[in-house]
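Asks: Quick one: structure below, then a few questions.
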Amino acid sequence: MATVVMVFGASLFLGWASPGAEAAPQTPNIVLLLMDDMGWGDLGVNGEPSRETPNLDRMAAEGMLFPDFYTANPLCSPSRAALLTGRLPIRNGFYTTNGHARNAYTPQEVVGGIQDSEFLLPELLKKAGYVNKIVGKWHMGHRPQFHPLKHGFDEWFGSPNCHFGPYDNKARPNIPVYRNWEMVGRFYEDFPINLKTGEANLTQIYLKEAMDFIKQQAYKQPFFLYWAVDATHAPVYASKAFLGTSQRGRYGDAVREIDDSIGKILKLLQDLGIQENTFVFFTSDNGAALISAPSQGGSNAPFLCGKETTFEGGMREPAIAWWPGHISAGQVSHQLGNVMDLFTTSLSLAGLQPPGDREIDGIDLLPAITQGKLIDRPIFYYRGNEMMAIRVGLYKAHYWTWSNSWEEFSEGVDFCPGQNVSGVTTHNQEKHTELPLLFHLGRDPGEKYPISVSSPEYQAALHRISPIVEEHEKTMIPAAPQLNVCNPAVMNWAPPGCEKLGKCLSPPESTPKKCFWPH
């Protein structure tokens, strides 16, 4: 896809000021609510039977629902890097070449992370005077050079890695929690997560961080809040008030608490009178982790498989845009969207243009959001270093299929539980580049019935799809892979601030080696 270069006039947003205040005109605030492993089928508005997301359902009723919204990768770290750079992970370096079509992320021992050569959304928003805060999981590298405050954020409360653990602080350290430049404790030590009961107060802490930031910035310069909570990532957790309240078990408790928190964030924007000057977008980093279901994972219904795969369940995400006064209530857009579009759309809101010296994969969604237009664009499904599939219109063509290996599957690792589709959910990497597996997602959202290669429909669809794939491959210049090298010496042994807390640990000898990515 050619580089996206567009300018959205900031003058459209001029003249908005706080009630009764003498304030300079400002561009809209931006709030991106990124969930962790939350599935398309987890929202009541998308058909979840227990209807336990009243605030998100109301957000959709007051704004715009995107049923055809995707992530850029079926795993956490690459999808987050794609969101903040507007670029496919293979372009920004968040992939591996240690194995073909292997998912890779940023565990403690990974050496790489986001590179200085990449322009992140908060870095660019600073040019328009934005103050930027990240709350929650960063997951784009934990070594000092990858710190979010070195890449455009002004404030951070959260963690560089997922809340796995507890660890023994000998073979493996517990994950740190940061406030800005320094750690303020570690998960399981200073920030408890009870694995037996699922109780943890982290979502409430993250909610307070978000609300305090909004209150502080409400009538000052425009702000960008990136709220990246992780309660729905296994091991799932919820605070005491929400435990045992869901019909869906502990995972449902986590969803209910997040839904309640988002309701409070939206109400705060309204109470402060800044809702018409604040663009809010809700989505998830990848599909629900069915390997953790049912008690620790969500729902991707009605789609096939889940996290780690490039089937619809792994990459189609719940998505809602909310912007009172600019989005008419109760809208549904069938625009094909992607988390990378949030990069370009946010820049457009700020009156900025994307960098013109590199390929940008995200498009500006504002014409779809504010004018109801549909923009013709493809969706590319990548797994590691391989383009596995493409969606054009309602057609999806698989050039490679793979769920996970027979070795893993035989040990109980199943990314598609109860959903075996012969010849589709394969346990060997199957190549279909000569005759792609083709599905019509309108008639067959579950990808169960491949269209016959001898049919006129197949030929017509491939006639449209093939040139798009060829053009995409011509423009594809992969970045140096950042997720190839692991080293136990780079783990979170002695993060900045550990001295003040007496929580510094001694690292082992440096032993870099190739990371092993099983799927």
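Yeah, the Cβs are placed from backbone N, Cα and C, and that goes for glycine too.
Caution: TrEMBL annotation is automatic and unverified by curators.
Fair warning: this is a prediction, and the values are worked out from it, not measured in the lab.
From TrEMBL, for reference:
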| type | residues | note |
| --- | --- | --- |
| ACT_SITE | Cys76 | active site, nucleophile |
| ACT_SITE | His139 | active site |
| BINDING | Asp36, Asp37, Cys76, Asp285, Asn286 | Ca(2+) binding site |
| DOMAIN | 28-351 | domain 'Sulfatase N-terminal' |
| CARBOHYD | Asn201 | N-linked glycosylation site |
| CARBOHYD | Asn420 | N-linked glycosylation site |
| MOD_RES | Cys76 | 3-oxoalanine (Cys) |
| SIGNAL | 1-23 | signal peptide |
Asks: Checking the contact step here: among the recorded positions Asn201, Asn286, Asn420, which have a Cα within 10 Å of the Cα of the residue listed as 'active site'?
Replies: none
Asks: Using C-alpha atoms, which one of the recorded positions Cys76, Asn201, Asn420 comes nearest to Asp36 (Ca(2+) binding site)?
Replies: Cys76
Asks: What are the non-local neighbours of Asn286 (Ca(2+) binding site), defined as same-chain residues 6+ apart in sequence with CB under 8 A from its CB?
Replies: Asp37, Thr71, Asn73, Pro74, Leu75, Cys76, Ser79, Lys307, Gly314, Met315, Glu317
Asks: Taking every protein chain shown into account, which of the glycosylation sites Asn201, Asn420 has the largest tally of Cβ atoms within 10 Å of its Cβ?
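Replies: Of the glycosylation sites Asn201, Asn420, the most buried by Cβ count within 10 Å is Asn201.
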Asks: Roughly how many Å separate the Cα of Asp285 (Ca(2+) binding site) from that of Asn201 (N-linked glycosylation site), to the nearest whole number?
Replies: 22
Asks: Roughly how many angstrom lie between the C-alpha atoms of Asn420 (N-linked glycosylation site) and Asn201 (N-linked glycosylation site)?
Replies: 38
Asks: Give the sequence-ordered set of same-chain residues, not counting Asp36, Asp37, Cys76, Asp285, Asn286, with Cβ within 8 Å of the centre of the Cβ atoms defining the Ca(2+) site.
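Replies: Checked against the 8 Å cutoff, the neighbours are Met35, Met38, Leu75, Ser79, Asp230, His233, Ser284, Ala289, Lys307.
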Asks: Cys76 (active site, nucleophile) has how many other Cβ neighbours within 10 Å of its own Cβ?
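Replies: A 10 Å sphere around the Cβ of Cys76 (active site, nucleophile) contains 27 other Cβ atoms.
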Asks: Mind checking which of Asp36, Asp37, His139 has the fewest other CB atoms within 10 A of its CB? They're the recorded positions.
Replies: Asp36
